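As given in Swiss-Prot:
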- Asp7, Asp141: Mg(2+) 1 binding site (BINDING)
- Asp7: active site (ACT_SITE)
- Glu68: Mg(2+) 2 binding site (BINDING)
- Glu68: active site (ACT_SITE)
- Asp141: active site (ACT_SITE)
Amino acid sequence: MRVLGVDPGLTRRGIGVVEGVAGRPLTMIGVGVVRTPADADLGHRLVAVEQGIEQWLDEHRPEFVAVERVFSQHNVRTVMGTAQASAVAILCASRRGIPVALHTPSEVKAAVTGSGRADKAQVGAMVTRLLRLAAPPKPADAADALALAICHIWRAPAQNRLQQAVALHTAQGPRRPHKLHPSKGRPA
């Protein structure tokens, strides 16, 4: 499975591609950061975000895209920029028919480090170890993008099984309750 991880941001977004399957060693295919000037017009910045993501999609041909789910922050301006960059990444992937998964920061940290409260240094150290890199990717946004891809590779099989079970249950329709034996409380 090849996954493009996107750590969204309007000024700087980490992008990383990881290939592998759960339970086997993973391989980093590429990692980087797409930047936009903070003083540029919003429309131009979003176009630059789109062009950067499209370039990564063209070059690396991922099967899935994993994007960090935007969470509430105190700085509304930061949340808005992150949400806008996230939407562009989702749009680019969806336009190509590539499935998109959203993962929360704590979900990614827990998957990669074992703790949903891990700091950036701990995430970077585990990404370095898991991908057998010589040094942690810099800046931290790049390491976060790789962590998103790793999280998706590890969690996708379980999520797929759960979705299949729900789909099967839904397709079968509602089940009739068993009639209980009046004196024993067991099915008759």
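If you go along the chain as it appears here, the first residue is 1 and each next one adds 1.
Placement of Cβ uses the backbone N, Cα and C atoms for every residue, glycine included.
Everything Swiss-Prot records as a feature, shown here on the structure.
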residue	record	Cβ neighbours (10 Å)
Asp7	Mg(2+) 1 binding site	29
Glu68	Mg(2+) 2 binding site	28
Asp141	Mg(2+) 1 binding site	25
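Each residue contributes its Cα atom, and for Asp141 (Mg(2+) 1 binding site) and the residue listed as 'Mg(2+) 2 binding site' those atoms are 11 Å apart.
For the pair Glu68 (Mg(2+) 2 binding site) and Asp7 (Mg(2+) 1 binding site), the Cα-Cα distance reads 6 Å.
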